[in-house]
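Taking it in order: structure first as structure tokens, then the write-up.
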Amino acid sequence: MHPAISVIFFTTASGAGYGLLALTGIGLALGLVPADRLFGLIALGLALTLVTAGLLASTLHLGHPERAWRAFSQWRSSWLSREGVASVLTYVPAAVFAAGWVLFGRTGSMIVLAGLLAALGALVTVYTTSMIYASLRTIPEWANGYTTPVYLLLAAMSGAVLLNAVAAMFGGEPVVGWVAAALLAAGWALKLAAWRANDTRAPPVTAGRATGLGDGAVRSIEWPHTAENYVLKEMGYRVARKHARQLRRIAWICAFAVPLALVLVSLAAGGAAAIAAASAACVFAGLGLVVERWLFFAEARHVAALYYRPAV
Amino acid sequence: MCACRCGIDVHLVEGRIRYIGGNPDHPVNRGVLCGKGSAGIMQHYSPARLRKPLLRTGERGSGAFREIEWDEALAIATDRLKRIRSTDPKKLAFFTGRDQSQSFTGWWAKQFGTPNFAAHGGFCSVNMAAAGLYTIGGSFWEFGEPDWEHAKYFLLFGVAEDHDSNPIKIGLGKLKARGAKVVSVNPCRTGYNAIADEWVGIRPGTDGLFVLALVHELLKAGRVDLDYLIRFTNAAHLVIHEPGAADDGLILRDEAGRPLVRDRRSGTATAMSANVEPELAGTFEADGRTARPAFQLIAERYLDEAWSPDAVAERCGIAADRIRRIAAELARVAFEEAIELPVAWTDANGVRHETMTGRPVAMHAMRGISAHSNGFHTCRAIHLLQVLLGSVEVPGGFRCKAPYPRPVPPGPKPAGRDGGRPDTPLDGMPLGFVQSPDDLLVDENGGPIRIDKAYSWEAPLAAHGLMHTVIRNAWAGDPYPIDTLFMFMANMAWNSSMNTAETIAMLTDRDETGDYRIPFIIYSDAYNSETVAYADLVLPDTTYLERHDCISLLDRPISDADGPADAIRHPVVEPDRDVRGFQSVLLDLGARLGLPGMVRDDSSPAYRDYADYIVNHERKPGVGPLAGWRGNGDEHGRGAPNPQQLQRYIDNGGFWKHELEPGQRYYKMANRGYLDFAAGFGLIDTPDQIVFQLYSEVLQRFRLAARGHGAVVPPEAERARIERYFDPLPFWYAPLQEAAVDTGVLPLHAITQRPMHMYHSWGSQNAWLRQITSQNRLFVHRDTAGRLGIADDDWVWIESHSGRVKGQVRLVDGVNPDTVWTWNAIGKRRGAWGLDPEAPEATRGFLLNHAISDVLRQSATPGGPGGGPDGGPDGEGGGGRAYSNSDPVTGQAAWFDLRVRLSRCAPADCGEAGPQFPELPPPPDLPPSPTILQYGRLFRQWRQDSKRGEAGKAGRAGGGAA
Amino acid sequence: MTGLQKSTGRKLGLVIDLDTCVGCQACVTSCKEWNTGGHMAPLTDIDPYGEAPDGVWFNRVHTYEQEVETGPGTNRGTGTGTGSRTVHFPRSCLHCDEPACVTVCPTGASYKRASDGIVLVDEDKCIGCKLCSWACPYGAREYDTEVGVMKKCTLCVDRIYNDNLPEADRVPACVASCPVGARHFGDLGDETSPVSQLVAARGGVDLMPELGYRPVNKYLPPRERHADAGAAPLEPVGGEGGFFAWVDRMLSR
Ligand SMILES: Nc1nc2c(c(=O)[nH]1)N[C@H]1C(S)=C(S)[C@@H](COP(=O)(O)OP(=O)(O)OC[C@H]3O[C@@H](n4cnc5c(=O)[nH]c(N)nc54)[C@H](O)[C@@H]3O)O[C@H]1N2
Ligand SMILES: Nc1nc2c(c(=O)[nH]1)N[C@H]1C(S)=C(S)[C@@H](COP(=O)(O)OP(=O)(O)OC[C@H]3O[C@@H](n4cnc5c(=O)[nH]c(N)nc54)[C@H](O)[C@@H]3O)O[C@H]1N2
Ligand code: SF4
Ligand code: SF4
Ligand code: SF4
Ligand code: SF4
Ligand code: SF4
Ligand SMILES: [Mo]
């Protein structure tokens, strides 16, 4: 699949934003983060900025962004529509949560409840996002049991890394750090497993089934067009295996290994060093996740590309 | 649009073309259209359309022009041509390419007085036409068709697309639906050949061997239709056997000139009639001469083991068992699955038959056969095979379309023996059919009269002329220099020339005095083709939707086997540019030149325009370009001109057709009902039976000349060649160019095929068609590539004895392993056709023609001469004499005799096709091609804006033929 | 609407015969020509005369080679040992019964008509998110970058119900133009319709049935090639005197 920048940015940014939002909500409820208004401002400001920027970016690849409102209508059947609805609905508790905490400095039960509802909204939204991909039977790399856990876990993970950095500015919250470290380790393991599964998955259909020609290798000898067309550009995107392997390495190093180390450093160190390490973890995780998400698209092989393959 | 001339309905909305559909009533296409026809909108609105007459201002080939008014253009042409006509009319060489008005353009040349006229047939498929017309009085090409309704076994030789493309597709659909067996003989398995039940991946140029091996098998097993041979062919005619005599090998005739046969009952030689039972075998004495039935010669020749499947298998690349099996299948279907139509008919002898017997084996062949230098004989071999099976003009077999069958060979003979005289028309049409050496257009020394050397000893049966030799001969002044080369609708500076680079060099070459060797070139094209830049004067034509055209029975009509038909095109849109229909321009020029028939007594133009000519011109009294609705509208075939004629055609969907009676539809060569009809209608001169010439006396006459007999004999240097190739019976020889190279060094055959969705060069300017194919690949068999270390998508050099071409490879299974091929004419020159100079057609597409030489070259080393014209050709003939790369009988261009070798390109050479030529600048004022196209947007807007339904506006605006 | 409505049972669609398709592209360009001025007009072409021409089309024809067993009935090659065949394959929207392209659509722009099963895009609602094209296994949807909406085969709704056209022309453009008659149009929901019977007779198949889209369009696979026509091998003419004596005998009959 063609790795569109806007969609990559959207899923990574909004994922991190929702992760941060959810963890902040839960953190406040559990008293794991400071009830400091400034803390709320930074954490929720960051979360909502990421979410909003991501959502806006996602409209960038639309042919008609001005009609984006129409996308809320089909929530009964469409995960994309549900994502839209969920994302907007999440703003309601998130707004109450943020306003109550940051503007009015209140962290009472209503606000905590709003925070928890925002966390729930974030969870649901990321879930709907993941389901957009996981429900596409046309793309075996997505339509499997890994997609949703990976989306949820990586959202939580990136949120935790961010929260750890914010916490570091406020002197650090070991629990947050440990949660971040645990999520990084889990995310790492899950992503490796997802990649492995993709590498070993038998293709769901063959060109013989795609063309109705049945058994016997089917080889494309002439395309219907000599230049690329929409289907090829969008669905036929391919990244060379060698490239992919390198990028995967970059992805896991940046997204998991380095942030994990840095989060541990931030836990061990204190003061400016902790802040620096925790912040650097965010930068690496962000970069790593962008690469991970790029690969998520680039390595996904749409079955329609079967029609164009030289040999299957 | 293209030569198959389908009927189309052009639907207009507010003057713009909404849609082009097939005309369901039209006899050619019955409502269907091909991929090109359905993309006609983009053809018509091409940004490469020329806009105004152009006069060259810079160097020839530089593309520097200025626009001029039509008056100036016509004045320039008139001045020049007037001078030529009043001094030496043959100095005008008028070659009209893809002309569908040859009966008109030929007549124009005749009235001008130049013998130097031809259209494209010589480089296209004259082998098919000539071999057929000299054998059965009809031919493949679009002049005949299989009996799609009844055939049970269909053999298709060397066809990718054909002129009769939609009829073939419709027919294949019928065969498939009926479960008939389709066997394709073709080195390539694409298109029609891909859907065949059996694909015979023959080695190019060897069909003659394959077919004659089938003949061998059938004869050996006695599976031939003797009765048919006696009744309809010259198999029983007695052939004089007196080696050394002036009439050795000619048919024994009585005083009246009637061929004699040996009657079994009386034991005497007598003319054929219903009561005679002729011998087919034996040697007899008659009138003091020794003679043998032609069939005896046929049987002797092909029963020889030299033609056995075992003897030919390896050369053809077809297992002997397979050849035997196909022969057995042919025999079984022809004789055991014979069909009987309950239709009564009367034969030429007046004998009534209650049924029509059919041998449901049909064959069709085209350029895979004709585009080889042995194509004439191979095509005759196919006709021999059909006739031995008794499957020509019978139910289930091969059938002629009106005006065929015609006498073998048909008249008239070519005119212009005297080379043309000042201000005098020729005494006949420039093109025709020679019957003996006496009819050749040669001078006392045996030298050619025509610039293209047609009807000379080099190409005696050149029924269509040799357009592919004109540029070289005019450049070389061989046999004489000309003044003006006037061309129409032929992209001679690119895909329709062999040896394109050299051709371009010849077009721009200058003599010692600095003048162009070809002094003046006038060209009519509708689009900015590669050739435009090489003209001095460009006459821009209309598109096919903007003009009148006439698809005449005098030319290449649209008849089918069930009856004669002809058609018109009529304008459905007005030109938005300053262009004029070429035929109208030609009439205007003719009037300005005062050509007889084109001016009235008061020297005013005789015809307003081509439409006027179509209606009012009479070739013979009562016979004009169109056969339908003559006289008062109720006469067909013959009748006075009818001013309402075009309207009648338009009302009838653009065509006229006469349906033959059921009893006239088969056995037309010997069907009293048909022959009488055809003679009355003017299709043939007399209603005599047409006898198939399996043994060709015409060819034998040339052989005798080569042995020194007769008034016109070949020069010494030509005799061996004539002796060899004018065999009265079909035979096989290795294609000439192939035989002249070291096939060990050049191990592969290289051929081209037409893509079904592209028309030669002009499809690439079509925004839709070029999306389908804008780069051609070289298709190579997987195993062959493996041996050569070539992988899919590699770039390779394709090297022949005379040039090299670079292209990108695609590996396939469906090709003869010794053959590589590519789609024809996709490769383009930078700057032409309104395309971006970086268009893939120019940067990655390649033209195989650069590797094909136009003259036969003896060479063992690849990448040979190929340079400029200075390189000078070395030919096979002695004394520095170079023959064109053509069939020695007809002069048909031998495009497919090419041998090549492949080598992988160095990495630095990959990615761009070769050779590359300097970019051609567009003519002045050609608007830039759009970068975004949203054709049809307006229709929707109109629909939405004012609810102007298409309904109200659309109509059946035109039933033209495309 | 995006959710699938209950079908009336009518399922208009195409039956495409891979046995006779010669790959001529007539259906491709006639589709383009009709539709660029039709219901979804225009079918934009980008860079039409340039380096990388790319336009919107509803129908595309591929060429494949397939390895098949060599046997008497296969359309075989020479010399390779393995048999193979060449097949042309037209590809357009299959108007699926379970069209995920419709259910994923967030706006309701993609819909399947209850009355006849045709899957269409309402361009006024489409936001151009492209998700439907991701959901289509057959690559049947093409995005118009200029207009910013998704486009696809309409089954020529503006022909098949067009009262202004003669009855005989009320078939999809691609069906009308196909010269070999490899494309058939009709109601595949009706078992007695000619198209359904053709599918039954020829063993018509679904493409990628395992994905569960239940396409309405069917493909007729290449038929068993005619085996060697079962002709007895030819024997030389019998009797005395060889061939010429045989001729004599035949003529004496
Ligand atoms: N390698 C190889 N070369 C071949 C062949 C092959 O098989 N292989 N085939 C050969 C054969 S059979 C043929 S017939 C030739 C064909 O080759 P050409 O005769 O050159 O045919 P085209 O390239 O179709 O175009 C001829 C010219 O006609 C112009 N034209 C198109 N429409 C009109 C019109 O309405 N009016 C006017 N005045 N001009 C128009 C086009 O712009 C073009 O410049 O190619 C030959 N060349
Ligand atoms: N779409 C389209 N239609 C056209 C044209 C076009 O340009 N495009 N051009 C028109 C013109 S001008 C012409 S002349 C006709 C020509 O129509 P075709 O006769 O179909 O011409 P080609 O495409 O040259 O196809 C020649 C075929 O012969 C095969 N072949 C080559 N050598 C041999 C051989 O030695 N033996 C056998 N058995 N086969 C061989 C090739 O593989 C190829 O399939 O088409 C006309 N129709
Ligand atoms: S381009 Fe030729 S074959 Fe095609 S529809 Fe037109 S006339 Fe017929
Ligand atoms: S073929 Fe594709 S676009 Fe058409 S209905 Fe099926 S899933 Fe939808
Ligand atoms: S591109 Fe248009 S039709 Fe397709 S899913 Fe998005 S909104 Fe629906
Ligand atoms: S049904 Fe109409 S829109 Fe669909 S492929 Fe055929 S011509 Fe194109
Ligand atoms: S028009 Fe018919 S034969 Fe031609 S490509 Fe389409 S389906 Fe095949
Ligand atoms: Mo031709």
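Glycine residues also receive a Cβ, built from the backbone N, Cα and C atoms like all the rest.
TrEMBL lists A:7-32 (among others) with the feature transmembrane segment. A Cβ distance under 8 Å defines the sequence-distant neighbours of the transmembrane segment (A:7-32), meaning residues of its chain 6+ beyond its ends; these are 40, 43-44, 46-55, 57-58, 61, 87, 90, 94, 97, 101, 107, 112, 114-120, 122-123, 125-126, 129, 151, 154-160, 162-163, 173, 175-176, 179, 286, 289-290, 293-294, 297.
Annotated transmembrane segment per TrEMBL: A:38-63 (among others), in sequence order.
Per TrEMBL, transmembrane segment is recorded for A:84-104 (among others). With a threshold of 8 Å between CB atoms, the same-chain residues lying at least 6 positions outside the transmembrane segment (A:84-104) that come near it are 14, 18, 21, 25, 28, 35, 37, 40-41, 44-45, 47-48, 51, 55, 68, 71-72, 75, 110-111, 114-115, 117-118, 120-122, 124-125, 127-128.
Annotation source TrEMBL lists transmembrane segment at A:110-136 (among others).
Taken from TrEMBL, the feature transmembrane segment applies to A:148-169 (among others).
For A:175-194 (among others), the entry in TrEMBL reads transmembrane segment.
Beyond the ends of the transmembrane segment (A:250-269), by six or more residues, the same chain brings 154, 161, 164-165, 168, 172, 174, 177-178, 180-181, 184-185, 187-188, 191-192, 275, 277-278, 280-282, 284-285, 287-289, 291-292, 295 to within a C-beta distance below 8 angstroms of the stretch. Annotation comment: TrEMBL describes A:250-269 (among others) as transmembrane segment.
According to TrEMBL, the transmembrane segment annotation covers A:275-296 (among others). Sequence-distant neighbours of the transmembrane segment (A:275-296) (same chain, 6+ residues past either end, Cβ-Cβ under 8 Å): 3, 8-9, 11-12, 15-16, 133, 141-142, 154, 157-158, 161-162, 164-165, 167-169, 177, 180, 184, 191, 239, 244, 247-248, 250-256, 258-259, 262-263, 265-266, 269.
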Checklist entry - Same chain, outside the transmembrane segment (A:175-194) by at least 6, Cβ under 8 Å from its Cβ: which residues? => result 23, 27, 32-33, 146-147, 149-150, 153-154, 156-157, 160-161, 163-164, 167, 251-252, 255-257, 259-260, 263-264, 266-267, 278, 281, 285, 292
Checklist entry - Can you name the far-off residues of the same chain, 6+ from the ends of the transmembrane segment (A:148-169), with a Cβ under 8 Å from a Cβ of it? => result 11-12, 15-24, 27, 33-34, 39, 42-43, 46-47, 122-123, 126-127, 129-131, 133-134, 176-177, 179-180, 183-184, 186-187, 190-191, 194, 255, 259, 263, 266, 274-275, 277-279, 281-282, 285-286, 289, 292
